[in-house]
Amino acid sequence: MSKKALLALEDGSFFFGQSLGAEGETFGELVFNTGMTGYQEVLTDPSYTGQIVVMTYPEIGIYGVNDEDVESDGIKVAGFVVYRSVDTPSNWRATMSFPDYLKKYNIVAIEGVDTRALTRKIRVKGAMKGAISTVDLDPDSLVKRVKESPSIVGRDLAGLVSPKEVIVENPEGDFSVVVLDSGVKWGILRDLKRVGAKVMRVPYSVDIDDIKKLNPDGVLISNGPGDPAALLKTIRLIKDLLKEEIPLAGICLGHQLLGLAVGGRTYKMKFGHRGINHPVKDLRTGRVLITTHNHGFAVDPKSFGLPELGSEDQDANVLTKNLQKISVLEGISPQGIKVEITHISLNDGTMEGMRLVDYPAFSVQYHPEASPGPHDAKYFFEEFKRLIKEVR
């Protein structure tokens, strides 16, 4: 018989369910992911550090877990919420059940919760602080402690998942890329190696002299958790890299950090984008890509003198029709740097990609490597390779 568990939110609401995984309690920002598959990649994605993830699909664990579909060296989410778990997987690749995987990494999770109601609450009120507990089953007590817990805003969480030393992969590659590692997904590393790169992962706290010693042909600014505005040292480093005119590419958090480095602003989204079927328009070609997303912050186009393109609260059907008409937008940062918006979300108009007109640098907010998700955007890595070859 499963032990009783309690999920409490900072707005005072609470949900009882059954314990899934380890016993104990965990605190974090409550967010939702709409993927029907890919739960193992979600669990192991370092960008979810500090977050309790609600899976909107009702059955989780059908195909178990395996030794290949991992994005880091272990589970990184703070907690997990599902409607119903499956403890007898049906897949030839499975090496362990989903509940046993949670227990292996001591992850506190809950099942039997109305995840549809929970998702609607997050959509209406926004992502909020929450906690799962098997030891404190008093709703008033747990809600009080949730309210007292730290917010994700202003927190540097990258230090929890960044490496402590340089890690070299594919040393015989045709060209070299430093990955400024704030919690890089292994799928990104796989795609860099796929296009022939020697990969050098470095701590997110290095300085320009550390980068110069490695003499890379390019630098990729990785994904990662937390508030980008809190990573002041990394932002300064990116400014220095731009002065050196080293080819730069950014993914997710890396996109936000590049935007901040040129004088832009970031903002916290109401509930964010987390799923594997988000439509994004490439404004340069008019092509629509189906992409994987995991971000709760975004770059503000208004900080480049451009209009707001939409919001999470607008009617998606009406907004999408209007956004389809937009072509490439060019703005100027407060530092006088020309910024071209290259990609936008067709769901809500969020800025999903940019290019610096006078510097060898570009970035995307979505995840081109997917893992999980469609491969529409994998050309990002070939594009980065071409940029490096042009500059080199």
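Placed from the backbone N, Cα and C atoms, the Cβ positions cover glycine too.
Of the residues Ser13, Ser19, Ser47, Swiss-Prot puts just one in the L-glutamine site with Gly224, Gly226, Leu253, Gln256, Asn294, Gly296, Phe297: Ser47. Of the recorded positions Cys252, Leu253, Leu253 has the largest number of other Cβ atoms within 10 Å of its own Cβ. Relative to Phe297 (L-glutamine binding site), the active-site residues with Cα atoms inside 10 Å are Cys252, the candidates having been Cys252, His367, Glu369.
Ranked by Cβ neighbours within 10 A across all protein chains shown, the binding-site residues Gly224, Gly226, Gly296 are led by Gly224. Neighbour list (His367 (active site), Cβ cut-off 8 Å, at least 6 residues apart, same chain): Lys185, Gly187, Ile188, Asn223, Ile251, Cys252, Thr291, Thr292, His293, Asn294, Gly373, Ala377.
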